[in-house]
Amino acid sequence: EAAFHSAAEDFGHYCNEKHRVFRTETVQYAGVFVGTILFGTFSDIWGRKKILLIGMILGIPSMLASSEINNFECFYIFRVLTGFFNGCSMVVGWGLISELAAPDKRMHLRAFATYPMGRAIITLICYLTGHWKWSNRILSIICAIVVPLIWWLLPESHVWLASQGRQEEYEASIDKMNWLAGYDYFEKKKVQAKKKVKTGRALKKLIVHPLLRKRLICLFSLWLVTFYTSYGLTLNSDGMFKSSFYIGQFILCGLLVAAKLGASVAGILGALILVFAQQSGTVPFMISYMLASIMIELCADICYLAVNELMPTEIRGVATGVSSMVGRIANIATAVSSAVREKWEPGYYIILMTLGIINWVVAFFLLDETKGVDLNEVGADVMASSRSEPVSPANSGEKAAMSTGVAEGEGEEGGSIK
């Protein structure tokens, strides 16, 4: 009996050559492609928390409907809508969390609010249910439980409220964070509304301003190569454990999460993985695959951190949405280029290596250091300036060369951290 009964088994659409190209994941990523830029823009205008809740409330029924309506056309339509609203969670959700978290906590937070953790949960649910419809139902219930938790527990981003000059709501947000932390996590300060930037003008600013343009090019390279490689490794991860798909997925997800928690934990899990080396090809292949998966997952974290720490608050949602669109293009390209692996497997990995080298060069020369940056101050002078002449990183108002200031206790996200 099959280890898992998928939608392809029910609808049989992959028997049609057209749908082998026009795949389910392709149309879902097309929805994500549109959703990321739209919801990212909406979050800059109306706030992170509100837009996130709207996206989740509309997305959960779409996901559930895709499995409950026994019609192939409806299945594809609701998968597009699921991807569309999922784009909100991917962009706005992480934007909200990163703005609420302290700089030294963001990377650790990504160990849990990240793709490998979600992949492990989905793999476990699929293993327990054995059927795509039941898996979809359980995932919908889990997501539905999260909605009231976000509504009640998390405040609106005080970084966004500070950019709007909403002093009372800003202070209430910080009070909520201090209550959740159990101590004075942030200190309040006087805030002033920043000039609102229209979406078209924001996109123009990203392209025209030399500093923002350089950063955007760097982000595009990071997102394109990272997610092309990451999704490619995911699609081909069955090569590690050919005789036991579920065990392979659990161990790989555990390794990716553990790598963010500490080298020693990752080392222990890595040693355990070698016990299963006989289940696939050679040990060198497995070790190489493990290292590649760990490194690319860390790069994925950097993608999300970089776009939040490099872009001003007023256009952060737009910039994140545009960058995420590039990532979705990479995902779609990966699904299409899988044909290369089927014809000549080494050729596929040569492509990944070549893109990785190019990405390394771009990051080395263009990526600015932003460790410990105050998100409320990123690009403040760039957005405030009405001058058209080029502004260098040195006088752009970036306090991101300002790790020293943060280390001495300077404010973070509109307030000082104790």
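Every residue, even glycine, has its Cβ placed from backbone N, Cα and C.
Annotated features in TrEMBL:
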- 385-395: compositional bias 'Polar residues' (COMPBIAS)
- 409-418: compositional bias 'Acidic residues' (COMPBIAS)
- 1-371: domain 'Major facilitator superfamily (MFS) profile' (DOMAIN)
- 385-418: region 'Disordered' (REGION)
- 27-46: transmembrane segment (TRANSMEM)
- 51-69: transmembrane segment (TRANSMEM)
- 75-97: transmembrane segment (TRANSMEM)
- 109-130: transmembrane segment (TRANSMEM)
- 136-154: transmembrane segment (TRANSMEM)
- 216-234: transmembrane segment (TRANSMEM)
- 246-277: transmembrane segment (TRANSMEM)
- 289-307: transmembrane segment (TRANSMEM)
- 347-367: transmembrane segment (TRANSMEM)
Open item on the list: Below 8 Å between Cβ atoms, which of the listed ranges 51-69, 75-97, 136-154, 216-234, 347-367 makes the most pairs with the transmembrane segment (289-307)?
Closed with: 216-234
- [ ] Sort out for me which stretch, of 27-46, 51-69, 136-154, 347-367, has the most Cβ pairs below 8 angstroms to the transmembrane segment (75-97).
- [x] 27-46
Task: Other parts of the chain folded back onto the transmembrane segment (27-46), taken as Cβ under 8 Å at six or more residues beyond its ends - done: 52, 55, 76, 79-88, 90-92, 95-96, 160, 196-197, 199, 202, 314-322, 324-325, 328-329, 331-332, 335
Open item on the list: I'd like to know the mean pLDDT over the domain 'Major facilitator superfamily (MFS) profile' (1-371).
Closed with: 80
